Amino acid sequence: MKTTNLVTLSSFVSVEDLSVQEVEALIARAQYFKNDGARPHLTEPVYVTNMFFENSSRTHTSFEVAERKLGLTVIPFDPSHSSTKKGETLYDTSLTMQAVGIDLEVIRHPENEYYEELIHPKENEHLNIGVINAGDGSGQHPSQCLLDMMTIYEQFGQFKDLKVAIVGDITNSRVAKSNMELLNKLGAQVYFSGPSYWYDSKYDQYGQFKELDELVDKMDVMMLLRVQHERHAGDPNEAQFDAKQYHEEFGINQQRYDQMKDDTIIMHPGPINRGVELASELVEAPKCRFVCQMENGVFMRMAMIEAVVRGRKLGGLS
Ligand code: NCD
């Protein structure tokens, strides 16, 4: 992959506005970091805080590792002990962070597009802080999406006409939203599968819905999604959910694994419901890229953070 320019952004909230060239540049930069390329030299401190209002293991930890590898100063933020518990808004919390000298906020929040009010302040508002979206409700998950693209690129070296199936709880998944949009833009052929009640025809613009067994032996990438029980309040299908039945109908078991092409890769953003989306004994099988995705996550997040550090001319970088 040939790239010369580094991406610069004032905030990184979505993959929607990224060009193909920017995606390629971010993948190249993440691979450069993965191959021990020299890290940018900060001549002034850059302060970052990770504000996770939803649970996270992978994303939170790998953002923090990425920040430390880049030499940023990480200031702890614990939502359960913050003034948001006293009713302070996210806007006012961000104003506080800016006032005390934080340059960048990495935020995960249950509300879709929570970031809009932070990056587009109204008249008489003066917030100007870098925001990196670590997942908004069922909206977008740009860092997961880009680390997924890096993982696919490492296997196939390109995206054009690759057949990628996104399987599972699609309506509730921000990973699915970001990935279907970007895969489309990169020229991959997207397919969907899983329970029809967790699919919406509005996604038809990105790909075709098919039965899982029609897809298994034809796909290059099988991207599995977690059944997101915490987002199913009021959903009648939640009460009837049966893990064993889900696994039989929509999960990858040994038989389906064996039917896949030799170079097909299986992906999952984690956390995996073992024995539901994927048979437990297949989690570390040769076709499965679950661990590789987590490893790539650190390097892709380094590339994303660097893009905002440069975009805001922080740390003496431009
Ligand atoms: C995903 C998320 O939070 O959207 N997890 C992650 O960031 N690796 C997917 C999920 O929780 O199912």
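Placed from the backbone N, Cα and C atoms, the Cβ positions cover glycine too.
Just so you know, TrEMBL annotations never went through curation; they're auto-generated.
Sequence annotations record features per position, and here TrEMBL assigns carbamoyl phosphate binding site to R58, T59, R108, H141, Q144, G270, P271. Under the heading L-aspartate binding site, TrEMBL lists K86, R174, R226. Positions annotated as domain 'Aspartate/ornithine carbamoyltransferase carbamoyl-P binding' by TrEMBL: 11-154. The annotation domain 'Aspartate/ornithine carbamoyltransferase Asp/Orn-binding' is assigned in TrEMBL to 160-306.
Recorded features from TrEMBL, shown on the structure.
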{"residue": "R58", "record": "carbamoyl phosphate binding site", "contacts (Cβ under 8 Å, 6+ apart)": "P269, G270, P271, M294, G297"}
{"residue": "T59", "record": "carbamoyl phosphate binding site", "contacts (Cβ under 8 Å, 6+ apart)": "F52, R108, A134, G135, S143, Q144, G297"}
{"residue": "K86", "record": "L-aspartate binding site", "contacts (Cβ under 8 Å, 6+ apart)": "none"}
{"residue": "H141", "record": "carbamoyl phosphate binding site", "contacts (Cβ under 8 Å, 6+ apart)": "N133, A134, G135, R174, V175, K177, S178, P269"}
{"residue": "R226", "record": "L-aspartate binding site", "contacts (Cβ under 8 Å, 6+ apart)": "G168, D169, S173, H268, P269, G270, P271, I272, N273, E277"}
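Within 8 Å of the centroid defined by the CB atoms of R58, T59, R108, H141, Q144, G270, P271, the record's carbamoyl phosphate site, lie the Cβ atoms of S56, S57, A134, G135, S143, V175, P269, excluding the listed residues themselves. In this structure, G270 (carbamoyl phosphate binding site) belongs to neither helix nor strand by DSSP; it is coil. Confidence across the domain 'Aspartate/ornithine carbamoyltransferase Asp/Orn-binding' (160-306), taken as the mean pLDDT and rounded to a whole number, stands at 97. Listed binding-site residues: G270, P271; maximum Cβ neighbour count within 10 Å falls on G270.
Each residue of the domain 'Aspartate/ornithine carbamoyltransferase carbamoyl-P binding' (11-154) gets a DSSP state, and the totals for helix, strand and coil are 62 helix, 24 strand, 58 coil.
Each residue in the domain 'Aspartate/ornithine carbamoyltransferase Asp/Orn-binding' (160-306) gets a DSSP state, and the totals come to 65 helix, 24 strand, 58 coil.
Across K86, R174, R226, which the record gives as binding L-aspartate, the greatest C-alpha separation is 32 Å. Closeness to ligand 1 is met by H141, Q144, these being the binding-site residues among K86, R108, H141, Q144 whose Cβ falls under 6 Å from the molecule.
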